[in-house]
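K.L.:
My structure is below; once you've seen it, I'll send some questions.
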Amino acid sequence: MIMASISDSETTNRGSMWELDQNLDQPMDEEASQLKNMYREKKFSSMLLLRLAFQSLGVVFGDLGTSPLYVFYNIFPHGVDDDEDVIGALSLIIYTLTLIPLMKYVFVVLRANDNGQGGTFALYSLLCRHAKVSTIPNQHKTDEELTTYSRQTYEENSLAAKVKRWLEGHAYKKNCLLILVLIGTCTAIGDGILTPAISVLSASGGIRVQNQNMSTDVVVIVAVVILIGLFCMQHYGTDKVGWLFAPLVLLWFILIGSIGLVNIHKYNSSVLKAYNPVYIFRYFRRGKSEIWTSLGGVMLSITGTEALYADLCHFPVLAIQIAFTLVVFPCLLLAYTGQAAYIIDHKDHVADAFYRSIPGAIYWPAFIIATLAAVVASQATISATYSIIKQALALGCFPRVNVVHTSKKFLGQIYIPDINWVLMILCIAVTAGFKNQSQIGNAYGTAVVIVMLVTTFLMVPVMLLVWKSHWILVVIFLVLSLTVELPYFTACINKVDQGGWVPLVIAITFFIIMYVWHFCTVKRYEFEMHSKVSMAWILGLGPSLGLVRVPGIGFVYTELASGVPLIFSHFITNLPAIHSVVVFVCVKYLPVYTVPVEERFIMKRIGPKNYHMFRCVARYGYKDIHKKDEDFEKMLLDRLLIFVRLESMMDGYSDSEDFTMMEQKAERSTRALLTEKAGSNTMSSIGDMSYSSQDSIVPAKSPLTGNSLARYSSQTFSDEQEFLNRCKDAGVVHILGNTVVQARRDSGIIKKVAVNYVYAFLRKLCRENSVIFNVPHESLLNVGQIYYI
């Protein structure tokens, strides 16, 4: 490994060749503009919508549907004294379900999705596309040509334009927005830990109802065994058993709705007066000290609502709206109303009201269904946690971890082994440590309400920038949301010492990891930008670059989409030779959910042809993953050959009409070429390789016309293709930069700890880029440099 030491205080000098350098290596606007939009908005028939609505039950609503297992016990942990308290609490549950899941999320927030992707990072990606708020400025106009890069344009004096300029005005605003997103993300990860704990423990508690002498430890052991089995099965993915989820959850909703209806008729139908919101005011007017703290228990009735939004992928919004309004919402209302009717007649059974209200004839089948439903709910939040980590990783906010693709059908089904075992240990610790639903419920409610508040605040700029909503509608949304969520937040915060500290500790831990990693990632990118070498200087060295050009192809990896990274100049300064073909490869992630395969790679030639230097930009979205069966090196080589062929077909054309005709021929030829290569495991897609005409078009006065031009282009391509194949056979070397970040000696103690210890520890744990791209170890060369911040 070659090492160099550079400080961020050093700045590059803009010499007389700076303007020439700008013209030599510009972002690949023309190449990106050649990519065709082949996507159209999907239309769904009525029958398909109903089928998707049915399937969404098993993926989206499992967590929300299992809340009746533990809500009333967390509202009244010390028992019930008055019937009016039960009716008031039920009225709160009814209207909380109506205002938050139904009105806010199902009919408003779900519309703020990123091409079907939901969650905190989806909102952030929308904002990053509509305003320059990303803290890593690695986006160019070329990226806006992507079919998935949808964005709005604004009039100069519009409210949206003013909000956009305000957000882009100062760096601290971008950092505040990022911190808000990370808070929501970290507390959502806390949900992924607490949901399995409380759902499985509550469901396991049913075995004790029929045997009151059974110890609590037995229930905890059963819950822990189920949790271990659940996490050990994660590597199989949900694709193999996912077909069971939808009918199982539908059966669960029918079960709790039917039991609720029976209990209303059997015990106390007067509980229906809770549908009058007046009883909410009567509930608070009673002035008991327990009334306000009981809001934390009411909050648990809408747990899973944020998971509903995060698990949006694979289902259209309309399908989820149909499933919620026709099945989930009415069944939940019946379940809570029936439990309230039972509790009014059996006030001493509030601790296990759900299981005690089940008719004896169907008790054990209901217990089995409840346990399975709890497992499904846990699976949904665990999968959502994997997706959150993957999104954070793609946007430079989390160390690189191994992401396994578990399904050939669904892109979103992934498994992250390291995170899986961390979640399992934390879930078992929470379950065995608290041993009761009450304290876990306090922790759960705190995590849920924080995520909801973050979503509310992020929706404001989304409504202004993306939807261009009138400011009055934005104010109405904000006021209604905060009117409901702030009281719940204060009630949950008051229970910090009763278990509410758990999600805060988890969130703070993950926040430190994410923020430190992102901070050092940004600093490393800024270092690459400030220390990049002038392309004019490189080309001024001549075709040999002042070195011996040995046979072979060298892929130089860099985070820069333009310019030459410092590692390359350091490499050629210290070694006497460089490969005959040099390709600068930039792999970057964009704030889009996916980059279509046919638009993923764009390539450009740098300098004259006899230099044999190219630039390739590989673009990924936050949902895209690198599969083990993908040979990244082969993909790069194939696209290099296709690019050279397309470029040779463009030589000699300067007239716009001829250029367009030749472009169409080139496109048809590429289709034929890729189809021909399909039999040899080469990806058969047209747009994978676009081309540059800027460096390869011969002036209009060229004597090459007609057949002579075709022969010239064919000969040029054959010669360069033969040259590239010889270099390929000679060997391929991947040159990776390994920038070590350290704090300067005069830095503060916090920065030293964060950079020298936390970040250094995370770098040791994370995967190397060479592993992610499946680079053979024998063809890998690391070029290191130390950067002091």
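Our numbering is plain: 1 for the first residue shown, then up by one each step along the chain.
Heads up, the Cβ atoms here are built off N, Cα and C, so glycines get one too.
Whatever TrEMBL says is automated annotation, not expert-curated.
The domain 'K+ potassium transporter integral membrane' annotation in TrEMBL covers 52-538. According to TrEMBL, the feature domain 'K+ potassium transporter C-terminal' maps to 551-789. Among the features that TrEMBL reports, transmembrane segment is placed at 48-66, 86-107, 175-198, 218-236, 243-264, 291-310, 317-342, 410-432, 444-464, 471-489, 501-522, 534-557 (among others).
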K.L.:
Based on Cβ pairs under 8 Å, which of the stretches 48-66, 175-198, 243-264, 444-464, 534-557 lies most in contact with the transmembrane segment (501-522)?
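P.N.:
Counting Cβ pairs under 8 Å, the winner is 175-198.
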K.L.:
Please work out which recorded stretch in 175-198, 291-310, 444-464, 534-557 has the most C-beta pairs separated by under 8 angstroms from the transmembrane segment (317-342)?
P.N.:
291-310
K.L.:
Hey, which of 48-66, 291-310, 444-464, 471-489, 534-557 has the most Cβ-Cβ pairs under 8 Å against the transmembrane segment (175-198)?
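P.N.:
So the stretch in question is 444-464.
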K.L.:
Using a Cβ cut-off of under 8 Å, list the residues of the same chain at least 6 residues beyond the transmembrane segment (410-432) that approach it.
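P.N.:
Answer is 192-194, 196-197, 200-201, 220, 223-224, 227-228, 231, 234-235, 237-239, 313-314, 382-383, 385-387, 389-390, 401-404, 440, 443, 502, 506, 594, 623-625.
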K.L.:
Go through 86-107, 291-310, 444-464, 471-489 and flag the stretch with the largest number of C-beta pairs under 8 Å relative to the transmembrane segment (48-66).
P.N.:
291-310
K.L.:
If we skip the immediate neighbours and take only residues 6+ beyond the ends of the transmembrane segment (291-310), which ones have a Cβ under 8 Å from one of its Cβ atoms?
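P.N.:
Distant contacts of the transmembrane segment (291-310): 60-67, 70-77, 89, 92-93, 96-97, 100-101, 105-106, 109-110, 118-120, 188, 191, 195, 283-284, 320, 324, 332, 336, 377, 380-381, 384, 387-388, 441-442, 444-446, 448-449, 451-452, 455, 487-488, 490-492, 494-495, 500.
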K.L.:
If we call contact 3 or more Cβ pairs under 8 Å (sequence gap 6 or more), are the transmembrane segment (471-489) and the transmembrane segment (86-107) touching?
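P.N.:
Yes, since the transmembrane segment (471-489) and the transmembrane segment (86-107) share at least 3 Cβ pairs closer than 8 Å, they count as touching.
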K.L.:
Using Cβ atoms and a strict cutoff of less than 8 Å, what residues sit near the transmembrane segment (444-464) while being 6 or more residues removed from its termini?
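P.N.:
Apart from its flanks, the transmembrane segment (444-464) reaches 74, 100, 108-109, 112, 120, 123-124, 126-127, 131, 159-160, 163, 167, 180-181, 183-184, 187-188, 190-191, 194-195, 198, 296-297, 299-300, 302-303, 305-306, 309, 471, 473-474, 477-478, 481-482, 485-486, 488-489, 491-493, 495-496, 500, 503-504, 506-507.
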K.L.:
Are there residues at least 6 beyond the ends of the transmembrane segment (534-557) whose Cβ is under 8 Å from a Cβ of it, and what are they?
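P.N.:
Distal contacts: 15, 17-18, 20-21, 24-25, 563-565, 567-569, 571-572, 575-587, 606-608, 610-611, 633, 636-637, 724, 726-728, 730-737, 769.
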